Amino acid sequence: MDSAISDPHNGSAEAGGPTNGTTRPPSTPEGIALAYGSLLLMALLPIFFGALRSVRCARGKNASDMPETITSRDAARFPIIASCTLLGLYLFFKIFSQEYINLLLSMYFFVLGILALSHTISPFMNKFFPASFPNRQYQLLFTQGSGENKEEIVNYEFDTKDLVCLGLSSIVGVWYLLRKHWIANNLFGLAFSLNGVELLHLNNVSTGCILLGGLFIYDVFWVFGTNVMVTVAKSFEAPIKLVFPQDLLEKGLEADNFAMLGLGDIVIPGIFIALLLRFDISLKKNTHTYFYTSFAAYIFGLGLTIFIMHIFKHAQPALLYLVPACIGFPVLVALAKGEVTEMFSYESSAEILPHTPRLTHFPTVSGSPASLADSMQQKLAGPRRRRPQNPSAIYEESNPKDPAAVTESKEGTEASASKGLEKKEK
């Protein structure tokens, strides 16, 4: 997981540019400002739109678009898994040929990128299809086993409009596969980021703090403690980072002196910001205070990262500045508004399936155990229908200890029965 921001300007070759001993010409201040501003803008777009789409995703009923909920256990294990993955990639690049590894990774991300980009542009493209467009429904179903042991592996529903989006995304995929152009890389990177913010949901604020705190340590260690992350970022030819050339004004679209921002610096804070947007909506106050506060905190943190990177001319772990800002600013607002308890008790997973019946409040009970038991028995006996019984049986139940009354009841019943027979005979 790449989550460092790098600035390969003024002669350094930190982002995978030419390293044949030649020195790059220094980037102009205008080119550097354009690169930094573009990276900041590209980072904000998937967070903003991904957070909005995460709300619709949580309320949706389509099983294929159901979000993946991150629990506190997942959050605690994530930095360890990310560290093992990062170290494994580093060792692979040291042991095996970088060319063959990147070829396999390119094919893998070629498929993933097409699917992610198609899912991203589908809502926008639907607005351009005319009403008379012949839209047919399709289903891709893969099962394993037979009979009662049959198990679904893939069950994906799509339509003709999705196929059109898939075709357009395939054009970008072929462009990336053949040229590795930075624009195609960024299109895939933005699609991955937006899908991550939309479909990865934290279940509560505490889980978000655990995840961001763990990755805070992860980012600082692998950037400042070793050269592992920067080495993998330079060697890894895959759309796991956003790049923008600092020499665009001099070389145009063929520029190759890139500043880069890892997707981890977008997705990880982004899913926390999206959680705060859903929390804002749950308060039902028609305000998005915590969302806008955390969004402004992200701008502040990333801007501070870029400033310090530019001053010290060294790659910076962006989460070092983003995590305190994205957690600290909303918590301070909650303290000022007296809503800290509500913030940390909010459960996002309870809203994933709003159409599913669930207990929304607990009934209040009072009284002695005996009175509660009597009231429950009355409620249980109320809606029941009793079987029709003859008068003698009812009288027996009401006076079971009076033999004379029982005898009189039987004689009266026999007399009434004999009178009925006599009338029929007549």
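Heads up, the Cβ atoms here are built off N, Cα and C, so glycines get one too.
If you look up TrEMBL, you'll see 365-378 marked as compositional bias 'Polar residues'.
Residues or ranges marked as region 'Disordered' in TrEMBL: 1-27 (among others).
Taken from TrEMBL, the feature region 'Disordered' covers 365-426 (among others).
As annotated by TrEMBL, transmembrane segment applies to 33-55 (among others). Within its own chain, the transmembrane segment (33-55) is flanked in space by residues 5, 27, 67, 123, 186, 190, 193-199, 201, 242, 244-246, 248-249, 258-261, 265-267, 269-271, 273-274, 277-278, 281, 291, 295, 298-299, 302-303, 306, 310, which lie at least six positions past its ends and keep a Cβ under 8 Å from the stretch.
Long-range contacts of the transmembrane segment (75-93) within its own chain (CB-CB distance under 8 A, at least 6 residues past either end) are made by residues 1, 101, 202, 207-208, 210-211, 214-215, 217-218, 222, 228-229, 231-232, 235-236. Per TrEMBL, the feature transmembrane segment maps to 75-93 (among others).
According to TrEMBL, the transmembrane segment annotation covers 100-121 (among others).
As annotated by TrEMBL, transmembrane segment applies to 199-224 (among others).
Proximity of distant same-chain residues to the transmembrane segment (258-277), defined by a Cβ-Cβ separation under 8 Å and at least 6 residues beyond the stretch ends, is recorded for 1-9, 15-17, 32, 35-36, 39, 42-43, 46-47, 50-52, 54-55, 70, 182, 189, 192-193, 196-198, 200-202, 204-205, 208, 211-212, 215, 219, 233, 240-246, 288, 290-291, 293-295, 298, 301-302, 318-319, 322-323, 326-327, 330, 348. Per TrEMBL, transmembrane segment is recorded for 258-277 (among others).
Look at TrEMBL and you will find 289-312 (among others) tagged as transmembrane segment.
According to TrEMBL, the transmembrane segment annotation covers 318-336 (among others).
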Top Cβ-contact partner of the transmembrane segment (289-312) among 100-121, 199-224, 318-336 (pairs under 8 Å): 318-336
